[in-house]
Amino acid sequence: MSEIVARVQPSLRGRYAPSPTGDLHMGNLRTALLAWLFARKAGGQFVLRIEDLDRPRVRQGSTEHMLEDLHWLGLDWNEGPDCSGPYAPYTQSERLDIYQDYLQRLETAGLIYPCYCSRAEIAQAASAPQQGEEGPRYPGTCRYLTQAQRGEREASGRRPSLRFRIDDEHIVNFTDLLAGPTSQHVQQVVGDFIVRRADGIFAYQFAVVVDDALMHINQVVRGIDLLHSSERQILLYEALGFPVPSFAHVPLVLDKQGKRLAKREQSSGLAPLRAAGTTPQQVVGQLAASCGLVLPGTSISPYELLGRLAPDLYAIMRTKQ
Ligand code: GLU
């Protein structure tokens, strides 16, 4: 029986998907290490994907730095921009045709519509400003515009974003492997959300779903700050007919006061540590100790750490939340 189960169960495919907007700071590196540990502990595959769609925020040379830092730490991946793989390319800016194709599917299904509102107009329109994680809830202003009204706005030179039409009643529930049961009434909290921005850039929520699905990622590990992006993403998985992966949202690295790292602290990546002669094993030990996986002062490689951890890494991490 267990043999059959082993054969039919797809093996775990995890990923780390950084945005090349600067060097990886300790929080990013810890998320990468944990995503790697979860995948490897399950004997699974690990994919590295570069999320560089937001061109104005991309920093020249940042991708190369990130890959170099992750390799230096001792992490490895089966597929990624520097080693390719069956679902290449692994850099989002090289996948625009793919996103366009899936956007077209949403369009054909009548699930997207153009929105001409500016941020300021949305903020104003929200009467009792319900502050969602990414600003005020979108109140649906452009949902029912007629063709003529759209034409007027186009004529005034406004370029629309494209929004995903949410089923008003749908409450999305899922159980995060670390954060536990979670749910969100997406229409009430976020409203119809953007899948392509007015400047033509495909939105994170949309591209990440297309990529994770096409790359057969069945476990998404990332920072807890993205927990409530998952509900929007689940709506997109469902709309596009993709299987929904499992999610594990890991804690962020906090400062001594328990607050998120300030920009200044975030920007200090590995460079100063490397310049001071710190070894990769010391950094891995520091990252692992910061979430209670080893004792402070431990010096250890990722593979040694993997061998030392008990099989149910989720249970260990849940107690550290
Ligand atoms: N690219 C995102 C970031 O760097 C992570 C997205 C994800 O893991 O889903 O914050």
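Glycine too: its Cβ is placed from the backbone N, Cα and C atoms.
Per TrEMBL, the candidate among Tyr87, Tyr204 that belongs to the L-glutamate site alongside Arg15, Tyr16, Ala17, Pro18, Ser19, Glu51, Arg222 is Tyr204.
Range with TrEMBL annotation motif ''KMSKS' region', chosen from 65-69, 260-264, 280-284, is 260-264. Ala17, Pro18, Ser19, Arg222 are the binding-site residues among Ala17, Pro18, Ser19, Cys117, Arg222 whose C-beta comes within less than 6 Å of an atom of ligand 1, given in sequence order. For Cys117 (Zn(2+) binding site), the nearest of the binding-site residues Arg15, Tyr16, Arg222 in terms of C-alpha separation is Arg222. Averaged across the motif ''KMSKS' region' (260-264), the predicted model reaches a pLDDT of 60.
Shown in sequence order, Tyr116, Ile122, Gly140, Thr141, Arg143, Ser161, Arg163, Asp192 are the same-chain residues outside Cys115, Cys117, Tyr138, Cys142 whose Cβ sits within 8 Å of the Cβ centre of the Zn(2+) site. With respect to their backbone Cα atoms, Arg15 (L-glutamate binding site) and Tyr138 (Zn(2+) binding site) stand 31 Å from each other.
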